[in-house]
Amino acid sequence: MNKITGIIAEFNPFHKGHEYLLNQIEGIKIVAMSGNWMQRGEPAIFDKWTRAQMALACGADLVVELPVTVSAQAADFFASGAVDILKNLGITDLAFGSESAIDYNEIADIYEKRGEEMESYIQSLADQLSYPEKTQKMWQHFTGIEFDGNTPNHVLALAYAKAAAGKQINLQAIKRVGKFHSLELTEGFASATALRQELFSLTERQNLLTEQTNQSVSNKLVLTDLSAIKNHVPSAILAAYASPKTNWAAYFPLLQYKIRVDEHLENIFQVNQELSVRLKKAVKSAKNFDELVEQVYTKRYTKARVRRLLTYILLNIPKQFDLPEQIHVLGFSKTGQEILAQNRGKIISKIGQNPWDNLTQKADEIYQLGNVQFEEQNFGRKPIRSSIR
């Protein structure tokens with residue numbers, strides 16, 4: 001049986017650490033990638049097609065899309081939805097980066113045997129604790145794992161282990177290089193956070209210089225000089241970093257409008273009456289997205305949770321929804337095409353008059369408003385074909 005390894009990723013954006021991860025994996029590599037909205041509650045810096053192209057250029061064989069109701073979820077639900085998609089495509093292994101060197105297969109075995117007891121333990125914990133805090137206490141209680149508060153990949157890896165329990169998937173943890181959310185562009189392996197910050201900083205400086213020299217600015221979010229980041233990005237995809245990009249600033253006026261005029265925010269996914277009141281009050285004074293998050297979050301409602309809630313509000317995600325039955329393909333190599341042939345009835349390669357997932361497609365329409373240079377994200381788009389593998 002051929003080894004087929006799944007990777008769950010955002011590639012926001014793709015960098016040398018991601019290239020390193022792909023290079024450590026043998027056999028066929030299937031990536032389940034977030035579309036245009038991220039797990040931490042933010043729009044992707046580059047659209048899903050650009051990021052899929054980056055992944056294919058650096059060794060992925062098949063890139064499929066996580067629907068927005070999976071990609072913008074908390075860790076456990078994000079992991080569960082992504083693992084289910086990959087398992088449906090026949091993966092034998094799941095690879096991921098982690099700051100920890102523990103055996104995640106043992107963790108999955110523990111959860112398979114004691115999962116019901118572990119979930120009951122979470123329910124017994126005090127309500128004032130956030131869900132991530134409850135989850136960490138659960139892992140500590142049943143496995144002895146310790147957390148230092150600065151291991152986000154380790155937290156996700158535990159969610160993957162939980163999602164993979166009982167599914168006959170071998171878990172392959174690859175030691176992470178570089179710091180996950182470091183804001184500094186260190187030599188070699190820079191974090192996605194640092195790259196996003198640097199990209200927008202460079203763009204602002206470029207636009208200021210352009211205006212000072214009386215040159216026309218066709219788009220405020222296009223970067224042409226990539227020399228400052230070339231040492232931190234795989235050479236094969238450096239040019240793609242000049243693609244149109246966006247961030248929350250582009251959507252904040254839309255979000256303000258939505259919060260102000262919607263009299264029933266509690267009908268939005270995971271928004272309750274308490275949060276609705278807090279949001280209605282905070283939006284009157286918040287000058288930007290970060291200020292709004294700062295004013296709304298509490299110990300119980302973490303910043304990450306608030307960012308996701310604001311994403312649900314902007315995208316009008318209802319409390320009840322169904323996940324799409326088919327899997328949307330963004331791109332494939334020659335090897336990946338063989339996997340598609342084996343899963344013909346499970347995949348959708350082109351979205352036309354018959355929709356794939358209405359919520360994701362509407363979310364993509366809103367995403368397109370973030371930059372006038374974004375192309376149509378779904379209707380008529382065909383998967384990217386890579387000739388590399």
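Easy rule for this one: first residue shown is 1, then count along the chain.
Including glycine, each Cβ sits where the backbone N, Cα and C put it.
Keep in mind that this is a model prediction, so the values were computed, not measured.
Copied from Swiss-Prot, the annotated features are:
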- 8-21, Gly97, Asn153, Arg176: ATP binding site (BINDING)
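Set side by side, the binding-site residues Phe11, Phe14, Tyr20 differ in how many other CB atoms lie within 10 angstroms of their CB, and the most is found at Phe14. Within the same chain, residues at least 6 positions away in sequence whose Cβ sits under 8 Å from that of Ile8 (ATP binding site) are Val31, Ala32, Leu66, Phe78, Ala79, Ala82, Val83, Leu86, Leu94, Phe96, Tyr160. Taking the binding-site residues Gly17, Asn153 in turn and counting surrounding C-beta atoms within 10 angstroms, the largest count is reached at Gly17. A helical conformation is recorded for Asn153 (ATP binding site) in the three-state DSSP classification. Classification of Phe11 (ATP binding site) by DSSP places it in coil, neither helical nor stranded.
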